[in-house]
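What Swiss-Prot says about this protein:
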type	residues	note
MOD_RES	Ser85	phosphoserine
MOD_RES	Ser106	phosphoserine
BINDING	His315, His317, His584, Asp661	Zn(2+) binding site
BINDING	His317, Lys386, Phe387, Asn388, Ser389, Lys390, Tyr391, Glu587, Asp662, Pro663, Met664, Gln665	substrate binding site
ACT_SITE	His606	active site, proton acceptor
Amino acid sequence: MPRQFPKLNMSDLDEHVRLLAEKVFAKVLREEDSKDVMSLFTVPKDCPIGQKEAKERELQKELAEQKSVETAKRKKSFKMIRSQSMSLQMPTQDWKGPPSVSPAMSPTTPLVLGAASKPGLAPYDMPEYQRATISGDYCAGITMEDYEQAAKSLAKALMIREKYARLAYHRFPRTTAQYLAHQGESVPLEEGLPDFHPPPLPQEDPYCLDDAPPNLGYLVRMQGGVLFVYDNQTMLERQEPHSLPYPDLETYIVDMSHILALITDGPTKTYCHRRLNFLESKFSLHEMLNEMSEFKELKSNPHRDFYNVRKVDTHIHAAACMNQKHLLRFIKYTYQTEPDRTVAEKLGRKITLRQVFDSLHMDPYDLTVDSLDVHAGRQTFHGFDKFNSKYNPVGASELRDLYLKTENYLGGEYFARMVKEVARELEDSKYQYSEPRLSIYGRSPKEWSSLARWFIQHKVYSPNMRWIIQVPRIYDIFRSKKLLPSFGKMLENIFLPLFQATINPQDHRELHLFLKYVTGFDSVDDESKHSDHMFSDKSPSPDLWTSEQNPPYSYYLYYMYANIMVLNNLRRERGLSTFLFRPHCGEAGSITHLVSAFLTADNISHGLLLKKSPVLQYLYYLAQIPIAMSPLSNNSLFLEYSKNPLREFLHKGLHVSLSTDDPMQFHYTKEALMEEYAIAAQVWKLSTCDLCEIARNSVLQSGLSHQEKQKFLGQNYYKEGPEGNDIRKTNVAQIRMAFRYETLCNELSFLSDAMKSEEITALAD
């Protein structure tokens, strides 16, 4: 059956939800001009709705519920369901794994009173460790009505996330899917795994252009900011596109409104705040009870330790992937070995390397890392414009164009040589991998062919690198310079060459080859930039966005996701690799950015603003959305190191990894990723198991292929819980994996049990 995008109408949206969503956007627009950047991440420790009036309201509701016969029935049925769920989650001595069918049922499948589910056997042993169990009232401090409302709303949000993830071939955890799905309904494995091209074998040429599949001759046209595919001219004239899921803006706005309304709902905020506090406390208790058991498990694991487990730098920009000393050394080397080489042309006059430095009145011999001035310092804190200037060595854009760009007189040779030196260092380390970002701006469709040519001509491929394309959100700059007529043209320049290379790879061999090693897209720029526009179904379509105003963040994300979704389905149909959408999100700016990413992104970079929204933070936990965090980068730009939420997120069970962002600006040593791990371990006193868990997360989040992940993490890495962990490869204790899995199942069971309770009450009536 063809995959189609399920559509909704604005008329389906509840008026109360619509008003709440608009209030959130309006509040954000008001706050953008008045907020104090220094208090951006200051979050009160008390409960979000813990004021006196709210507490009194909750108390009155509790007292009213105690007198309600209907509530008494619901509580009784819920306690029975909860006891069954708990019995399934707590392994017995003979228990060998999780139930073969999820203990959770669909709300449309009522539980038969008195029936008990039987856990099936799984082919692995559940580790023995000390578990902490909470019994008694299911939600002290929150009424049954509020609890059921919060649980149903959270479950609906997860279902919305699952819909967008499945359609774009993004990842969604199988455990969460099973708790949301109908009983016995299994989620196909291939649906949950992105399709990355495996690395070439040692005897294969990574630059071979002869394996392109045949051309299809499909036609592509942009409509409303999204590229549509047509089988032939006749189908184009009939407006009958090729059978692929095409996004619908109205549906997206309805779904986003539901999430926006949810994050402002008082009872839901209270419930999520309490659950997050519980998760953090539960991990502290787990550490106290099982730290030595985990350590013994790691000590008995031969050959493997923190140094020789695979780690991936999941967020790094290619233009700053080398440290400042490396850049300085390379500049001096090129000046010493080829000072008379022609490196630029200006007004028809060829310029040598010596003349470039003479025009800047400097001698490379006298340069130091301090005079190079590419490191972020105190003056860049809350100054993104000052940070961007650090990409210019000694403040000279000429040196940036010469050494850190792919398009220049030398065809990006110097930049390629430096990237290859960084790649060789990774290969020598054996256990470190990297996912550098290369820029596509959307000024011209020729950017893609130029970038692919740079990659092949300079032989930049490395088995320890996978590439991500970053799209800077700077349409306003190009429009003001009359380089683009509309935002739609920018989208077309970014995505049309990819569709053409997918449909007719024989005609675009270089780009087809380059795309094998590209695993995702990123959206980058200063998130704190103010936008006066509120994205809605009434927003102008991209081809009509002709003003010099930059579209808001959520506008960028929707149209990037929409085109990636169609492209991924087309490529999957052709048996080609697919792409993940991995935007920068939650570093600064509005909380609505994280709502947009919740719907559209496979994973995000930074995520600091999750600290401000308990509902979103809890949703990111339940959906296990990967977050690549860069505390050293944040320390120089937005948030001092000690206040970074990485440790807190890790303890709660969010899927976090460590990344460097920009080693040239933030790091001092040759191994920037190890520097990141070392500082985190020292500041937060992370254990070996903590570090190895973060490293394992980084491999799972990365664009490494299925075959590589099996080699680095174990044959069953895609399974969740201890069954998916091979301690011989990951050095993560099975006790830790079992704790994470059982805790997630427990949190998910709260949602499913609330929905079952409602069904049983209705059945009894």
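Using N, Cα and C of the backbone, Cβ positions are placed for all residues, glycine too.
These numbers come from a predicted model, not from an experiment.
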For Met664 (substrate binding site): DSSP state (helix, strand, coil):
helix
Drop a 10 Å sphere on every Cβ of the recorded positions His315, His317, His584, His606 and tell me which sphere holds the fewest other Cβ atoms.
His317
CA pair His606 (active site, proton acceptor) / His315 (Zn(2+) binding site), Å rounded to integer, equals 9
Pick out which of the binding-site residues Asp661, Asp662 has the most other Cβ atoms within 10 Å of its own Cβ.
Asp661
Give me the CA-CA distance between His584 (Zn(2+) binding site) and Met664 (substrate binding site), in Å, as a whole number.
19
Pairwise CA distance, Asp662 (substrate binding site) versus His317 (Zn(2+) binding site), rounded so that it is a whole Å
6
Would you mind checking how many other C-beta atoms are within 10 angstroms of the C-beta on Met664 (substrate binding site)?
26
Quick check: with His315, His317, His584, Asp661 left out, which same-chain residues have Cβ atoms within 8 Å of the centroid of the Zn(2+) site Cβ atoms?
Ile316, Arg437, Asp522, Val524, Ser605, His606, Ala628, Ser630, Ser633, Ser659, Asp662
Between His317 (Zn(2+) binding site) and Met664 (substrate binding site), what C-alpha distance do you get in Å?
10
Expressed in Å to no decimal places, the gap between the Cα atoms of Met664 (substrate binding site) and His315 (Zn(2+) binding site) is 14
